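Working notes, structure below.
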Amino acid sequence: MLEVRAAVKAPFKLAAAGRGFMNMRMASSKSFQKITVKNPVVEMDGDEMTRVIWKIIREKLVLPYMDIKLDYYDLGIEARDKTNDQITVDAAKAILKNDVGIKCATITPDEARVKEYNLKKMWKSPNGTIRNILNGTVFREPILIKNIPKYIPGWTNPICIGRHAFGDQYKSTDLVASGPGKLELSFTPKGNPSAKETYNVYEFNGSGVAMSMYNTDDSIRGFAHSSFQMALQKKMPLYLSTKNTILKKYDGRFKDTFQEVYESDYKQKFEELGLWYQHRLIDDMVAQAIKSNGGFVWACKNYDGDVMSDVVAQAYGSLGLMTSVLIHPNGRTFESEAAHGTVQRHYMQYLKGKKTSTNSIASIFAWTRGLAHRGRLDGNERLVKFANALEHACVRCVEKGIMTKDLYLLSKSPNGYVDTFEFLDAVKSELDSELVNIA
């Protein structure tokens, strides 16, 4: 038991040296010529421990280096409750107007949260609200760090996985058949009820279950455009996975739509960059992905994406090292956030004045991905370089052995781990070193 206590206590010894080093480097951020950002970025604040971290990132790692207008929206649970969630709608509309949004992790309340925060009602997921208004596709991509082991060692390049988060099982109607009877599916064209189509689905001899689901051509087409846009942005090939051999009309619609969009709008651009697009059956795609070294964008239907995004995240090592971005079909409108939650357990410790070792990397990357997109849209090369430098600073810290507890437990670093704020100090120090190369 004594050995365990010593092991838990020792890791924080690295912190004092890390903080002192940061103070010696602070002058370089003051001498850095600030980047002028021409157009606004929508900033959406969040909840709990990620909200605490979010403010530090903004004040320590972003604002000292640039003149930027942040169109701020507080999406913390209390603000959403106070405005009857109108603040979330307003934030989404602001993203549509300004093209770039950067979001902190937020609480999606369940019954316990409604009671904890004395909420008026169980508000919907702000991510879902924003996604529906923006009509975009969410893509998750791992942050690769050499000394963080992967469960699939062969994945030396990132897999960027897109989930078509509309329709299918998640908007289905299901039922329990209480006994023998006929199950039918019907469609009545609007304005022409006499053209009603009815299909016999199954003749039940006893009790059972049934489900009906749908998707729309507009949503599938938007999903296709978002996927091709992401592949072009990442300069990676794109794969779509379905089961069209079984669902010939349903999944066949996805396959045909993607092929049409590719041929009409993206084939030439892909070929110029040496990229390709392929459709694969979902089972074959999973097998090929496992054998591959990564390095592609994977467009998944709703259920497949729900499952495979978590599989991919875990296989790369940690959900705390996953980025999440939402891309509109136009390729311009963009929202980024961390792929994880609000880290409630650490927040409870923080409120009690206890030290926490919370991983801030995904939250930092939410800022960098949004700033880089703003830079690309505005033709602001210095902003893009700054975003890349901040990402490199995070990675270099971990590769030097400066990391939070979650990554320490994965890497077994001999240096131990630092606390939440010491890691952010170390990132700033590393960033100042990186910025020497930015004119």
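Just so you know, glycine gets a Cβ as well, placed from its N, Cα and C.
Feature annotations, reproduced from Swiss-Prot:
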BINDING   Thr106, Ile107, Thr108, Arg113, Lys291, Gly341, Thr342, Val343, Gln344, Arg345, His346, Asn359  NADP(+) binding site
BINDING   Thr108, Ser125, Pro126, Asn127, Gly128, Thr129, Ile130, Arg131, Arg140, Arg163  substrate binding site
BINDING   Asp283, Asp306  Mn(2+) binding site
SITE      Tyr170  site 'Critical for catalysis'
SITE      Lys243  site 'Critical for catalysis'
TRANSIT   1-26  transit peptide
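Known features from Swiss-Prot, placed on the structure.
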residue	record	CB count, 10 Å
Thr106	NADP(+) binding site	26
Thr108	NADP(+) binding site	16
Gly128	substrate binding site	12
Arg140	substrate binding site	24
Tyr170	site 'Critical for catalysis'	11
Asp283	Mn(2+) binding site	11
Asp306	Mn(2+) binding site	15
Thr342	NADP(+) binding site	22
Gln344	NADP(+) binding site	15
His346	NADP(+) binding site	23
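Restricting the recorded positions Thr106, Pro126, Arg140, Tyr170, Lys243, His346 to those with a CA within 10 Å of the CA of Asp283 (Mn(2+) binding site) leaves Lys243, listed by sequence position. By a simple count of nearby Cβ atoms, those within 10 Å, the most crowded of the recorded positions Pro126, Ile130, Lys243, Lys291 is Pro126. For Gly128 (substrate binding site) paired with Thr108 (NADP(+) binding site), the C-alpha to C-alpha distance reads 10 Å.
Put simply, Ile130 is the one of the recorded positions Ile130, Arg140, Lys243, Asp306 whose Cα lies nearest to the Cα of Thr106 (NADP(+) binding site). Taking Thr108, Tyr170, Lys291, Asp306 as the recorded positions under consideration, the smallest Cα distance to Arg140 (substrate binding site) is found for Asp306.
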